[in-house]
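Undergrad: Relevant sequence annotations retrieved from Swiss-Prot are reproduced here:
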type	residues	note
ACT_SITE	Lys40	active site, proton acceptor
ACT_SITE	Tyr263	active site, proton acceptor
BINDING	Arg136, Met310	substrate binding site
MOD_RES	Lys40	N6-(pyridoxal phosphate)lysine
Amino acid sequence: MISSLHRPTVARVDLEAIRANIDHIHQHIPKKVRTYAVVKANAYGHGAVAVSKAVEDQVDGYCVSNLDEALELRQAGIDKEILILGVILASELQLAIKHQLTITVASLEWLELAKKESVDFSQLHVHVKVDSGMGRIGVRSLAEANQLISILSDMGVQLDGIFTHFATADDSDHAMFDKQLTFFKQLVEQLDKRPALVHASNSATSLWHSETIFNAIRLGIVIYGLNPSGNSLSLPCPLKEALSLESRLVHVKQIQAGDSVGYGASYVAAEPEYVGTLPIGYADGWTRNMQGFKVLVEGEFCDIIGRVSMDQLTIRLPKAYPIGTKVTLIGQQGKQVITATDVADYRGTINYEVLCLLSDRIPREY
């Protein structure tokens, strides 16, 4: 998808805020812990290459979800370790080796496929994934983990780490978290051969369970300044939201009582009023169900009226503003603020999704 550089809708990313967030988190966690910045999904919508370069001196490596995301960083000149958290195709192992990427091995079945590939396994770097209760990928028993590690050793693979992922680290109820942690700790302690790196801490764990950190952490949503729990748990350290989303009025008019706005005529004016149109819609990640939510115009909240279209939306204005007036969809204007979490709460989702859905049509400015 082409970035729409000639349209007045832009996501502004404060790279200094991201750096400050990492500094604050580092002050909150134990020293001498290896730090991975999670920059998957285009750095949660913030721009993977720009973010990775901005924090290069603050982290030891990066986490991405797939091979293509890793290759994007390598092609941009990022030379630190890149850990691919998802499972890659065994047929793509040569690419991973060529670009010195660390891959995740999550099952014996996948390993049997990998063994058939004609590659130099001594150049392959691996972390083993343990499914301690998340239910997605990973080995599920000590026996399976030991067997996997034994085969990897026989193949001459560089076995660098072992890790798991918590399902409820951002929940006030710790029962599931404690169960997963106990399982993972016991498995690691009983391994026949323990890799050098052991990590289980994602953003939430690093904030609220820092006592459980092993010797590496994966920092995701927190470096972008968002609370992993939404508003459920209080943050133990200050964070600043790094992304703001802005557009501008491209059309302003007065409508009369009885006039409708948008597909399905879902909004009908009860009285004469001014309305304005913004060049942003659901193709940009501003979803159709945002009708009734608010944006900021000159520091005042204005309602989104009518259904959000693919490329445009309409807002009710208190007066006739000139074309080109700035409108804030996420961020601060004057004393008022709209956060990604506010948007998520309105949609009935999580702040992660709000940012990740912002499409490539929206240019990022730094």
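For all residues, glycine too, the Cβ spot is worked out from N, Cα and C.
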Undergrad: Out of Lys40, Arg136, which of the recorded positions has the smallest number of neighbouring Cβ atoms within 10 Å?
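TA: Counting other Cβ atoms within 10 Å of each of the recorded positions Lys40, Arg136, the minimum falls on Arg136.
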Undergrad: What whole-number Å value do you get for the CA-CA distance of Arg136 (substrate binding site) and Lys40 (active site, proton acceptor)?
TA: 17
Undergrad: What residues, ordered by sequence, lie under 8 A Cβ-to-Cβ from Tyr263 (active site, proton acceptor) and sit at least six positions away in the same chain?
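TA: Within the chain, Tyr263 (active site, proton acceptor) has Cβ neighbours under 8 Å at Gly306, Arg307, Ser309.
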Undergrad: Provide the number of Cβ atoms within 10 Å of the Cβ of Met310 (substrate binding site), excluding the reference atom itself.
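TA: There are 10 of them.
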Undergrad: Distance check, please: Cα of Lys40 (active site, proton acceptor) against Cα of Met310 (substrate binding site), rounded to an integer number of angstrom.
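TA: Pair distance, Cα basis, whole Å: 26 Å.
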